Amino acid sequence: KKREYENITEFILLGLFSNEDVKTPCSVIFSLCYLAIFSGNLAILLTIRGSHLHEQPMYFFLSYLSFVDVCFTSTVAPKLIIDLLVQWNTISFSGCMSQMFHAHFFGATEIFILVAMAYDRYVAICRSLHYVVIMSRRACYILVMTAVIGVFIHSLMHVLIMIQLPFCDPNQIDHYFCDVFPLLELACTDTRLLKIIIVTTTGVLSIMTFVALVISYVIILSTLRTRSSEGRHKALSTCGSHIMVVLMFFLPLIFTYVPMTDSVSNDKVFALFYTMIAPLFNPLIYTMRNADMKNAMKKVWDPHKLLEGT
């Protein structure tokens, strides 16, 4: 039996935990994670912008990835931390739509940047003679702008669909941020077709992108067999970092938007991976396994140089 339509003006986010005893410790943990995400990605962004690395396409994309990671996490983390700390878990209808838009916008932008980084590595290794022409600065800007326009339309379409739906009381979202599937559960209408459309557009697109990335890295790795030992080691180190980031981001995303069960609690755990954990580990992955980044950080953040600058 369908619930009676209510003019919903705000939603209640049920959050990650129902146990009151773990909320305060978890708010502290997530606060530290958010601080690490913000400072780590900002350090990468400033290092690339302040060194010769910004001239290389790979680091051009990496700087945008760091920026998007900070924006993506900032869309959900502050609200999550506040809700856990002071138990103020309401969000206005417009605030919910805004959060959903920005989460999809920055999340989808990250997907396209990861694709661009994989394409950059493919061209650098498999078509090295034409690398400078193919991956020109103009081409890099075109890739980024195309991604931004595409994901803006994608995110806007999700919001336009949601604002047309009638929502029912109780207005409780079983999640820690406003996302498509938890919101569809509150709609006072049959949403099976919409779920199929979202799974088709977002879920299948995520799977296809992930498969395409895996195939590209298989081609890259097979090409490396003909390279020298030194060149192979450097390329493997770079590609290894990319593969780790792709796995950490895409697998939870696929499990979320291609639901195998009706359990939303699993979606909340998966969402933590691509909203908090992946952005937390990205700076470590791209600095600890990258000699160029480590050398650039030593030069940019050299204490003597910083003192001279002041």
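Every residue gets a Cβ built from N, Cα and C, even glycine.
Keep in mind it's a predicted model, so treat the numbers as computed, not measured.
Now, the feature entries from TrEMBL:
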- 28-48: transmembrane segment (TRANSMEM)
- 40-286: domain 'G-protein coupled receptors family 1 profile' (DOMAIN)
- 60-81: transmembrane segment (TRANSMEM)
- 101-119: transmembrane segment (TRANSMEM)
- 140-163: transmembrane segment (TRANSMEM)
- 196-224: transmembrane segment (TRANSMEM)
- 236-257: transmembrane segment (TRANSMEM)
- 269-288: transmembrane segment (TRANSMEM)
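Same-chain residues lying 6+ beyond the ends of the transmembrane segment (140-163) with a Cβ under 8 Å from its Cβ atoms: 57, 60-61, 64, 97, 100-102, 104-105, 108-109, 112-113, 116, 119, 180, 183, 194, 198, 201. Contact between the transmembrane segment (236-257) and the transmembrane segment (101-119) is present: at least three CB pairs lie under 8 Å, with pairs separated by 6 or more positions in sequence. The list of residues near the transmembrane segment (196-224) in space but at least 6 beyond its ends in sequence, with Cβ under 8 angstroms from a Cβ of it, reads 111, 114-115, 118-119, 121-122, 125-126, 154, 158, 180-181, 184, 231-232, 235-236, 239, 242-243, 246, 250-251, 253-254, 257-259. Restricting the average to the domain 'G-protein coupled receptors family 1 profile' (40-286) gives a pLDDT of 86.
Long-range Cβ contacts of the transmembrane segment (101-119) within its own chain (Cβ-Cβ under 8 Å, at least 6 residues beyond either end) map to 58, 61-62, 64-65, 68-69, 71-72, 75-76, 140, 143-144, 147-148, 150-152, 154-156, 158-159, 177-180, 206, 209, 212-213, 216-217, 242, 245-246, 249-250, 253, 274-275.
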